[in-house]
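These come from TrEMBL:
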type	residues	note
DOMAIN	17-418	domain 'Major facilitator superfamily (MFS) profile'
TRANSMEM	20-41	transmembrane segment
TRANSMEM	61-80	transmembrane segment
TRANSMEM	87-105	transmembrane segment
TRANSMEM	111-130	transmembrane segment
TRANSMEM	142-164	transmembrane segment
TRANSMEM	176-195	transmembrane segment
TRANSMEM	229-249	transmembrane segment
TRANSMEM	269-288	transmembrane segment
TRANSMEM	295-314	transmembrane segment
TRANSMEM	320-343	transmembrane segment
TRANSMEM	355-381	transmembrane segment
TRANSMEM	393-414	transmembrane segment
Amino acid sequence: MKSKIEKELLPHPRQGFAYFIWAICLIFNFYLYLVQFSAWGSSSERIVGSSVPSLGVGHLLLSYNVAVIIFQFPIALLIDKFGPRRMTSLVILLCAIGVLILSFSGSPTEFWWGAFLMGLGGTVTTVNILKIVSNWFHPKKFSLLLAWTFFALIVGAMMGQWLTHHLTQNFDWSKVMFNYGLIGILYAIIFFICVRDSALGISYKIVPLPKHFNLSKAVKKALKKGENYALAFATALAFSQWFSFYGVWHIRFFEASYIHAPHNTVWMNLYPMIGFAIGIIGFLYLGYYTKKRKIYMMTGTAMAFILSICSIYIPDLPFGLRVTLDFFAAVSVGSMALAYAMIHENNIPAVTGTMIAMIVTSLAIFRLLGEIIILAILGSFGEKTGTFSVADYQSALIVIPFSLLFALIALVFVRENHGKQVYEE
């Protein structure tokens, strides 16, 4: 049965404009993950010279997550308060400048700052686009638009590794990244021009705010809900190590496991990334039509836990079987995308930006911690050449199944909401 507020919801006065702005924001999701995975998937020698040790790129890229942790909540609150135009345009511009710094980097310090500025871009990708979806589209469409938002993100990640790998066969890595940076600056200008504060419908909210609505009180109330933290931690634990594994370590683990792999190593990441995209879209649509969330997240996380253990720790697996296990593990972990829909539904739409920021910040924290643990374990073996054994990687990658296990435990404290949107505090 529909609530009184839900019956009174009116569609955006300019539906075409709303989808156009959503598509523009979608392009930045694609762009950020394209440049991020372009850097993540490259060797340290290709990036900053042979003077940087093999684990150097892993250490330097930690600054990306540091930036997200520091700035995610402040930027999300500013977007909630003032809207997306100025803040988002500025952050996109700084992100593009970070990519340019990466392209010119000749030292670890320069690379660190470039990755740090890229991290600022990570603070607006998901938060900004989902805030727009929450403001302009009917709450029932949130899951569906979320599915295609993540699809753009994953396609960007796939293209980042694949396209950059092929471009660097003919062009210097720095020139490729320089052009990516110029594209980012151009995009920031286009975004600023298109998302005008004076445009009809730019300030529209499908769920109108009460006359005396206090955003600060609403945010404080949302931050006091334990279930929000359980959802954020579960999502972060499940997704953080997935991104780290397929962004940095997956190819290296396969190279150590199969000296004569039957495919180019870049293609190894495409299969699980395709699986991740399929899982996200499939589970979000499934959740949308069945009005269930928790059962799919728990089942998917449990399956990902089992499959990741099999893929990483069963010795002498045939190449094709390991790729297949990775593919279905990625499909399974895609179920956690439902948490983004759930945390939106469990809170009033006005605080959507802050709630998504909670997930993104948690994701950056656990990603940072996981990378530190992996780097520390690999570094403890005293290897300076970057040639680690399968056993070395298996020891370091223990964080993946443990993260999934803790994500599963966190989900125990989440209640099924059957897709019902909260409209009033």
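Positions of Cβ are set from backbone N, Cα and C atoms, glycine also.
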For the transmembrane segment (229-249) and the transmembrane segment (20-41), does the number of C-beta pairs under 8 Å, pairs 6 or more apart in sequence, reach 3 or more?
yes
Find the member of 61-80, 111-130, 142-164, 295-314 that has more C-beta pairs under 8 Å to the transmembrane segment (269-288) than any other listed stretch.
142-164
Most CB pairs under 8 Å with the transmembrane segment (111-130): which of 20-41, 87-105, 142-164, 320-343, 393-414?
87-105
Mean per-residue pLDDT computed across the domain 'Major facilitator superfamily (MFS) profile' (17-418):
82
Chain residues outside the transmembrane segment (176-195) and at least six past its termini with a C-beta under 8 angstroms from it:
20-21, 24-25, 27-28, 31, 34-35, 38-39, 84-86, 88-90, 92-93, 95-100, 102-104, 164, 167-168, 202
Taking pairs 6 or more apart in sequence, does the count of Cβ pairs under 8 Å between the transmembrane segment (20-41) and the transmembrane segment (393-414) hit 3 or more?
no
Can you find at least 3 Cβ pairs under 8 Å between the transmembrane segment (61-80) and the transmembrane segment (355-381), where each pair is 6 or more residues apart in sequence?
yes
Can you tell me which parts of the same chain pack against the transmembrane segment (355-381), counting only residues 6+ beyond its ends and a CB-CB cutoff under 8 A?
55, 58-59, 61-62, 65-66, 68-69, 72-73, 75-77, 119, 122-123, 126-127, 130-131, 222-223, 228-229, 231-233, 235-237, 239-241, 243-244, 248-249, 339-340, 343-344, 347, 388, 392-393, 395-399, 403
Under 8 Å for C-beta pairs, could you tell me which stretch among 87-105, 295-314, 320-343 has the largest tally with the transmembrane segment (393-414)?
295-314
